[in-house]
Amino acid sequence: MSSSDHLLSASPTKRAGEPMGLHINPSRSRGPSATSEMMKPRQTPSRLPSSTSFLSSPTSPMSPLTDDDVFAAGESAPLICKNLRDPEDSAVLMEAFSHSSRSDGGSLSSLSTIIFDTAIKKGGAYWLQTIKIIILFGITVLCCATVVKYPEQEEDLHEVIARVTPQVIYSKSYDNDYPILQLNLIGPLSEKNTSNTNNSLDIEVKISSAKVNDSGWLLRVNRTALQNMPSGQLATFHHEFRCSSQASDCNITVRTGSEEAVPLVYSVHQLSTQLDHEIVYAALILCFVYVLIIFELVHRTLAAMLGALAAIAVLSAINQRPSTETIIGWMEMETLMLLFGMMIIVAVVSDTGIFDFSALKAYQLAEGKVWPLVTLLCIFSAVVSAFLDNVTTILLLAPVTIRLCEVLNLEPRVILIAEVLFSNIGGTATAIGDPPNVIIVGQLESDGITFTVFTAHMVIGIILITFVAYGFLRFYYRNMEQLSNPDPPEIAELNHEIQIWRRAASRLVVVTREETLMRALFLQKAVELENLKNKTIHRKRKADKKDLNATLRQLEREYQIKDMSLLIKCGFVLLTCLVFFFMYSFVSSIHIGLGWIAVLGAMWLLVIADTSDLESILHRVEWSTLLFFGALFILMEALAELHLMEWIGEQMRDLIINVDAEYRLTAAVVIIVWVSALASSFIDNIPYTTAMIPVLKQLSDDVDVDLQLLPLVIALAFGACLGGNGTLIGASANVVCAGIAEQHGYTISFKQFFKVGFPMMLVTTLTATVYLLICHSAIKWNSI
């Protein structure tokens, strides 16, 4: 008897105490231990191409298979998979079964041919994957070697009292490996300004040697901060001096322009000549990360981690390797704590059944119609995000949306993307809706950019932008088939379950025999669902359309509150957190941030819920999303240390200054909003906004440029917030939404988001530009 007879003789019936599909006819088995022998993944030398003989008929290997043959083979697929040496071959076989149902009329080609063709494709992909692994591993080893080679650089701070007499604050012999000296000054200083006035008080810094005298570095002293020392506002500036190779030593001197003494704190770092190419390195690292994410070469979390490692390696090569404490400080712990706390709360809330119940009520409210429902979700997302952090909004709204889409047989990815786009738009309206707005108001409140002034200028424009964005969304999805799931509801649900079972099998680490059995059972469950799907497709190509009342009766039976007591507890904790979220921005007596509020709320809920299965709750936390944000924060701060954001700001400032004075305000508004939107689409808008604020203040303080601060800041806010819609990693809410969708079995790729988000970003930024030109160039609404 052939090996194919042994395998295909697996009985599709289930005996008591045995899982479906694992029973083998005893008369055809090789012995009492045949089943256990077949469970061993390396017992046979068969590889994938030779394994096609398992499915060949003894009489006619290439004859077409009937539906019954396919279903019978589907039952035996787990046995075939267990007889393959490579665990990935199991996935190929499963893929063959999934594709086998797509032929017209139910006439299927030989599974031998299908598996053989799949094996050919897999062979090419294998070599490409091997090349990718070799390249990425080589880059990783090179970066690690660079980090290991150079020591951490601790900032050694010194104090000096600058006087009219020049003082030497640094002296060292010339070092050919590190010819560049970076001086960091902290004190009552203002922006760099080379113009002299009668009442000016300047700090002049020079580097000199026996043969070379540098032209110097001039800083303006902030007299107000100097008079209020030590409580006055201090600023930090840095400058690079290049030592001459002809000099034996390098000296840095500092002096003031008058007899008045100025206290300063300084530090000096020796840097290599690689500093000259730091902008190029930063741009290459950013492109490298985006190539990995766009083409999905690796998971976005790993891409961010590789980018962060590469940026730290470049800093190390320049002799600016940050310490471990510094790297940890780069991570926005407030954001990470907020995400972690809210994920715990959402995980507990999901056990109450409130998400399913909310989906039912939304279905009733929209009367089963698609666009009224999409409109309701988008408006709700935008309005709530204006008063709460948009990350919190998406964490609470995304699970309800996914269940609602499953009820209405809509494509969840499309609805979730629309929802997060409007969340980012709504968060732009107020000073507390989006992190860039919080940074702007926090740093410029002393300059008159208060919560009221900022919100008054933003909310009118956002109302206009929301209408335009909704019109664009209706136009983009004018074909209703784009919103609906192409498969009937029953088939869509089966496809979703099959993906979940396969993902569970792929994530299972096979070490023990029991884990091998569990993996086989997971794959077998996927095959059983494939069989059920094939039967359903052949029995009923299209699902019958049910009337609204029948659907509602069915949903009311299925979607009910599971645990009312737990729901009351969750509602109390969640309401408390939301109240504190809102009060945090207005009540000065609250001395904890959003992250602390979320974590403490999660602890409250875990205590009063009295759950014994904490592991299941922690399993539902999006750890990959948290790791992604941590790596992304490190990457962006490292790029800031490489002065990428500062370089963008300098180029933008030079472009504005070169415009004629008559059109300078108009040009400044247009340049700032578009540069900010495009930059924020590809880099995190938090470090970008932080880097741009000093640039805008310098422009407004320069009397020769003659620009007011308010229109520049409003343009920055519109660009930084709306630009987050451009790409999947442009805003925190985008990544959180993608993580929640992936946890529910729906993967949102970079390309899927980009196709909708980037055009939306262009349309909304264009609308914001028109609004800004009307308000600030036409009617001159520039007063604070």
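Cβ atoms are placed via backbone N, Cα and C, with glycine included.
Source: prediction; values computed, not measured.
If you check TrEMBL, you get these features:
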COILED    538-565  coiled coil
COMPBIAS  1-12  compositional bias 'Polar residues'
COMPBIAS  26-36  compositional bias 'Polar residues'
COMPBIAS  44-65  compositional bias 'Low complexity'
DOMAIN    290-704  domain 'Citrate transporter-like'
REGION    1-68  region 'Disordered'
TRANSMEM  126-148  transmembrane segment
TRANSMEM  279-295  transmembrane segment
TRANSMEM  330-350  transmembrane segment
TRANSMEM  370-402  transmembrane segment
TRANSMEM  414-433  transmembrane segment
TRANSMEM  453-473  transmembrane segment
TRANSMEM  566-584  transmembrane segment
TRANSMEM  590-609  transmembrane segment
TRANSMEM  621-645  transmembrane segment
TRANSMEM  665-688  transmembrane segment
TRANSMEM  709-733  transmembrane segment
TRANSMEM  753-774  transmembrane segment
Quick check for me: are there 3+ Cβ pairs below 8 Å between the transmembrane segment (753-774) and the transmembrane segment (453-473), leaving out pairs under 6 residues apart?
yes
Leading contact stretch, 279-295, 453-473, 590-609, 621-645 vs the transmembrane segment (330-350) - CB distance under 8 Å:
590-609
Suppose you look only at the coiled coil (538-565); what would the mean pLDDT be?
67
Looking only at residues six or more beyond either end of the transmembrane segment (126-148), which have a C-beta under 8 A from one in the stretch?
297-298, 306, 309-310, 312-314, 316-317, 321
